[in-house]
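Chemist: One structure coming up, written as structure tokens, with questions to follow.
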Amino acid sequence: MSSTGSSVSTSGLVLPSTPLAEPGKEVPLVVNTPNRAKPPRHWIDLSIEERVQAVKDFGVPAFRARQISAHVFERWEVDPTQWTDLPKAARQEIADAWFPVLLTKVSQQSCDRGTTVKTLWRLHGGALVESVLMYYPATRHSAARATLCLSSQAGCGMACPFCATGQGGIQRNMSTAEIVSQVLAANRLIAAGEVPGASGRVHNIVFMGMGEPMANYRSVLTAIRTLTADGPDGVGMSARALTLSTVGLVPRIKALTQEGIPVTLAVSLHAPDDELRDELIPVNRRWKVDELLDAAWHYAEKTKRRVSIEYALMKDINDQADRAAVLARQIRRRGDWTWAHVNLIPLNPTPGSRWTASRPEDQDAFVETLERWKIPVTVRDTRGSEIDGACGQLAAVGRSEGLGS
């Protein structure tokens, strides 16, 4: 029993006896995000055909469209006035028409000896978002890599009580160009030598920053297509280097399954039973655990990509060995258990939060239970907690400039 008291669910699992969302402070669940304060369209937002037409409208030959795209996606440049290979007369016109400023850097913090960098951005309209760049040096088992955790919404409408972003509510969706621009900015940061040891460009992208990516499906999907398109029309990344996270918008998972883009799907599960998950993840009241895991299994079957099951361990809430056994059974009963990999996340603290990380012995027991069931499991190497840049901590302190709290 926890210090706050507990009860037992109909399935025999321990449940907190007090509400997990503090009374009077519940944040409403918002699945359909209002598109307020939308940014102007950017070159990145245009289709290949629209880019060709855009340069023609300025009296410039069609081949210039690919030239412009090469600057953007291969050299990560976004100021046409500096591009001497474009006709001088057209540079400012193109800049004014298709290159509005989308991200303005407000602040930048680093930790882990400079290998973790969190950037606070101001968007069009004043909303604030954050992205985190993490460099991992080579080890005996893996090559060096730079991973970018990017945002897809300003705020989040999923209202998860343990997540700083979710407790701030939702302001608006981000555009495709705003999403991709975070990657270009990270590449410029690496190229400038501002991340010790890193070279080249971002190797992996995780849609695990601010927002629920599946609630901004159209912009996120177009961003993924742009990031994975061959140069000069896109950034030229492998879809397998991208991870798309969701708390469980089942219809969008089913839609993604049919897209034919083999990104890694990460399911933020955090509880294997509906009784607890209804409290931790409010969207579970709409799409239950079985529906979610069925959709995830079908995604793995269709794409041949292993699904990542994200599970933040919270002291006396969801960290019991009995729950690990339930999670293992949920995975095993859907066939070959190697379709999923459990990624355990030590809960990261947020200012004023009553949520805390599991005791080491409880975390170890959880891992051992999964291993006894032969479930692939790892404990995440948490980065950036000193600068509030770790999982669940991104809140863009101050929320916005000119939009209120």
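Using the three backbone atoms N, Cα and C, a Cβ is placed for every residue, glycine included.
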Chemist: Of 1-34, 341-374, which span is tagged region 'Disordered' by Swiss-Prot?
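Modeler: The range carrying the region 'Disordered' annotation in Swiss-Prot is 1-34.
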Chemist: For a quick check of packing: other C-beta atoms within 10 Å of the C-beta of C163 ([4Fe-4S] cluster binding site), how many?
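Modeler: Looking across every protein chain shown, the total is 29.
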Chemist: What's the CA to CA span in angstrom from C156 ([4Fe-4S] cluster binding site) over to E130 (active site, proton acceptor)?
Modeler: 12
Chemist: Taking the Cα atoms as reference points, how far is C163 ([4Fe-4S] cluster binding site) from E130 (active site, proton acceptor) in Å?
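Modeler: Between the alpha carbons of C163 ([4Fe-4S] cluster binding site) and E130 (active site, proton acceptor) there are 15 Å.
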Chemist: Which residues does C160 ([4Fe-4S] cluster binding site) neighbour through Cβ under 8 Å, counting only same-chain ones at least six apart?
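Modeler: Sequence-distant Cβ neighbours: G166, Q167, V247, L280, I281, P282.
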Chemist: DSSP secondary structure for C163 ([4Fe-4S] cluster binding site), reduced to helix/strand/coil, please.
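Modeler: DSSP call for C163 ([4Fe-4S] cluster binding site): coil, neither helix nor strand.
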